[in-house]
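Residues or ranges marked as coiled coil in TrEMBL: 241-304. Annotation comment: TrEMBL describes 38-113 as domain 'Mce/MlaD'. Annotation source TrEMBL lists transmembrane segment at 7-29.
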Amino acid sequence: METKSNYIFVGIVTLALLLSLALFTIWLAKFNDGNQKQYDIFFKQAVTGLSKGSSVSFAGIQKGQIDEISLWDDDPEFVRVRISVDENTPILQGTVATIASVGFTGPSEIQLSGAIKGAPPITCPKKDAKLVCPAGAPIIPTKPGALGELLNSAPLLLDRLSTLTERLTNILSDKNQDSIEKILINVETLSGSLAKTGPELSAVIGESRLTLQKAGLAADQMAAVAASTGQLIDGEGKPLMAEVNKTLKQAQKSLAALEDTANAAKPAIDGVSQNTLPEVNRLMKDLRDLSASLKSVTEKLENNGAASLVGSPNLPDYKPKK
């Protein structure tokens, strides 16, 4: 009887310990939940690779996990993901959530990033809380990840690839292939002709360079001769110009005296025969022409020097290209 009582006592103690352990576990879970905050994320894309218990990281540091994944009843296009993160995680305005793979072939996780320093935290307002937080938890905006962007742009890429393929097909049509073949044949023919005439072109270029060099040397020699001639004429031409000026002045004086004499003798000349008067007129005309010629020579000497009487104007100096 005493042994049976001991068994009952041991059983009661064991049950009490198990119950205490269960209560402690529940309390510990609630305590841990008290150190975390829950947020909702609405993805309008496939969440392949995510599951309950998947990791949630902030700036590459694990800060929580996924508690629930389900379709949103109000709009089945969205997938609602409920996450729990440490309460000290800075979930501020500007924070966005993306789906990323851990490694190249590893499982997917939710990555949080983009928190702005000094921004207020993401919370549910007291007013219109149901409108801002329809599922009862603050909402973190989403941002398509690299894989999501690729999948979203896949239709556009396929459309562009199809257009490119059609254009390539048009370019490589039979008609265009014939044209391209003719162009290649013409290019090949032209290349062959240029290859054959290559030595001749080289010879012509060489002769042209030699001719230019000779022309440059000749121009230098002409410039030197012109300079020497100019110095010679400038040295000896000044006395000549003075004599010409003196002769011109004397001729002008003689012409003036002759005109005065003719004017004074005009009454007598009127009686001279018709044969003598034309001779006098021609003489006066010749004297005027001589005066004009001497004046022109004088102007040339004054403007261009004595070199203008013996040759053409000096050529400009020529400097051959190096």
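Just so you know, glycine gets a Cβ as well, placed from its N, Cα and C.
Automatic, uncurated: that is what TrEMBL annotation is.
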Overall pLDDT of the coiled coil (241-304), taken as the mean: 59
Tally of DSSP helical, extended and coil residues in the domain 'Mce/MlaD' (38-113): 0 helix, 42 strand, 34 coil
